[in-house]
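Have a look at the structure below before the remarks.
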Amino acid sequence: MTEYKKPIITEMRPKITVIGVGGGGGNAINNMIAENLQGVDFIAANTDAQALATSKAERRIQLGAAITEGLGAGSVPDIGNAAAQESIDEIMDHLGGTHMCFVTAGMGGGTGTGAAPVIAEAARRAGILTVAVVTKPFSFEGQRRMQTAELGVERLRESADTVIVIPNQNLFRIADAKTTFADAFMIADRVLYSGVSCITDLIVKEGLMNLDFADVKTVMKGMGRAMMGTGEATGENRAMLAAEAAIANPLLDEVSMRGAKGVLVSISGGMDMTLFEVDEAATRIREEVYDEADIVVGAIFDRSLDGTFRVSVVATGLDSNRSAQPTAPEAMNGQTAAAVPSRTLQ
């Protein structure tokens, strides 16, 4: 009689890497590390050796050491591009085994604008699902820097699977007279944190409805323009309020999720989260997009959220010609809707 042997099951989770390119990208991953984001690897890549030395990332790449001698790209994207080309083999060594890569950078300068598209293109060609999350300059930084940023964004849209843009100028929509300059940038960085965490949480955390990496890939691969949103609420009607907050878009440039081809909905709450609430939130998001959109919904438990309901949305494949904004919902009396500051972005 053949002896039955219990099969050995090896747990395999997708490897997700966030690479911060240039000064802006480096600051973004420093904030994510400080927030203790779990389930991802971090890489800092910069032409500026001094800035790189202050990075909190364990893995650091000096871009274009021979070209820049560690002195930066001097706000010249061509130098940033050449620096990334020089270091591309080292970059891909660090990305070995990665299934999904977030490339974050500030557009308008030299390193981020020039190097980020090179890195995104190489990662995508290697079969890595590649998502770029970048910022555009404030208006006071000048027209030339803005034009440089726009060219960088267009190059990224040719290189990455999905591109999300945060216009820094739109931070004025959610700032007040007491908002510090540092706080404003942390608001923008929080968007990246929310986007990455909502994806990793759906895959690795205990939940009512978990997703696998293939679900994420379906919504994000080759989808181009995208947006993210996160909302939180407590009290009565918290599911609907959180969904409405996730849909709201104070950081957008005349873009709506209405024309999205793919939508990833991440719903999280404490052990008091009900199936009815999950249905209510998911239904509200579904009402915001066209019927033909590919919608993937996941719901997870987070014991730290007892009493709080959170909804995160990633909408991809947005048609820029469909720019009509949905009407913002009116506030409801006696209820608390506390959306995280960096709720939504283009």
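Backbone N, Cα and C define each Cβ position, glycine as well.
Within ASP189, ASP201, ASP212, the residue that Swiss-Prot lists together with GLY23, GLY24, GLY25, GLY26, ASN27, GLY110, THR111, GLY112, GLU141, ARG145 for binding GTP is ASP189. Counting neighbouring Cβ atoms within 10 Å of each of the binding-site residues (ASN27, THR111), the lowest count belongs to ASN27. Burial estimate for the binding-site residues (GLU141, ASP189): highest at ASP189, by number of other CB atoms within 10 Å. Overall, the recorded GTP-binding residues GLY23, GLY24, GLY25, GLY26, ASN27, GLY110, THR111, GLY112, GLU141, ARG145, ASP189 cover a maximum inter-Cα distance of 20 Å. The most densely surrounded of the binding-site residues GLY23, GLY25, judged by C-beta neighbours within 10 angstroms, is GLY25.
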